[in-house]
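Annotated features, as they stand in TrEMBL:
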DOMAIN    1-85  domain 'Pellino FHA'
DOMAIN    90-172  domain 'Pellino RING'
Amino acid sequence: MHPNGTFCDKSGNEFARPGIWREVSVGGCIFSLRESRSAAIQGSPIHNEDNILQDGTLIDLCGATLIWRSAEGLSYSPTYKQLEQCIDNLNAGRPQCPVGLHTLVVPRKNSKNTKPEAQPFVYLNCGHVQGRHNWGNLNDNNGSKTCPICLCPSSVAQLTMGTEPGILYNELSIVISFLNILSL
């Protein structure tokens, strides 16, 4: 899927909208999507589109979604150091668990130094973020818990910060990403 518009620009003022998913054959021909992944009959040919990768193109490779970035597009991306600074700023704000009322520490992806009770966990069905606790288990095979804020049953996952600048298209996108995390 190509983005509609420029994926990134120097000013950060232009935001691309998602395009339409297409199937690209091994020979490079473009087709509309099949009825299902396993359908033997390919979609209709699309003659007015090309198969040239653009910055921000998403590629679904048998269920694994890849993003293709151009060298020019990557030159606008934030640096690793800028991402590290954002994580430091987030933790300097001392986010607090709304249930246990203790300070949460958002760890970096490869960090092992955070105390277990300070680890933030996100309830995947409702998006609430809280510290680790051992109550509310639903005793199912999925490890689901009941969210103490909205009482919604949900799977939980530890919240960690990745530091891959290639998926961000400019410095403003860092701020937007971190604001979205804080609003969970």
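Placed from the backbone N, Cα and C atoms, the Cβ positions cover glycine too.
DSSP labels the residues of the domain 'Pellino FHA' (1-85) in these numbers: 12 helix, 19 strand, 54 coil. When pLDDT is averaged over the domain 'Pellino RING' (90-172), the result is 78.
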